[in-house]
Amino acid sequence: MLGGSRSSKTFKPKKNIPEGSHQYELLKHAEATLGSGNLRMAVMLPEGEDLNEWVAVNTVDFFNQINMLYGTITDFCTEESCPVMSAGPKYEYHWADGTNIKKPIKCSAPKYIDYLMTWVQDQLDDETLFPSKIGVPFPKNFMSVAKTILKRLFRVYAHIYHQHFDPVIQLQEEAHLNTSFKHFIFFVQEFNLIDRRELAPLQELIEKLTSKDR
């Protein structure tokens, strides 16, 4: 495949789920059901499984997918091309993580996405938030952390669609991006994980992608 090395580059190191673990089995289940082509079914909580664990496994998977998708267009997302983090003319995002940067700062898209992906990675690597060992319980605030992660990951999709769709088409990544985003949207809709207002920048696209599967 031409340009294969390029499209496999990720923006941040890939987060691996340990092989042989229950979470790995869940990930394999998710991949198998995705292959059936029915996304509404694929995102449903498998029978007898823990919702926190299902959300955790899928959140890691979406982080890896977005990481790879953004990795393919980093050459086009620069301080010059994207001096602010936006999703079309109406939506602009300022970064704050509540710990290192408490007051939202205006910064370029590449800087914002770097902050965002580093922050997500730190959450995913925190064993008290995302326990990888069997029998270790999820914390009480897990769902609210997962919702914040997914809300922020959505902004990377929104930025790519609004500001970098031409290079996505040139790189023939359009089907890959649409499939990934559709899976993401069906997942967050199934468990009500992102507020509708947050999804507004891509509302038309969401309606188009989901209308066929109602």
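Just so you know, glycine gets a Cβ as well, placed from its N, Cα and C.
Summarising the annotation, TrEMBL assigns Zn(2+) binding site to Cys77, Cys82, His159, His164.
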For Cys82 (Zn(2+) binding site), list the number of other Cβ atoms lying within 10 Å of its Cβ atom.
19
Output field, Zn(2+) shell: CB within 8 Å of site CB centroid, site Cys77, Cys82, His159, His164 dropped
Ile73, Phe76, Ser81, Ala109, Pro110, Ile113, Ile160, Gln163
Give the number of CB atoms, excluding that of Cys77 (Zn(2+) binding site) itself, located within 10 Å of its CB.
21
Least surrounded, by Cβ count within 10 Å, of the binding-site residues His159, His164 is His164
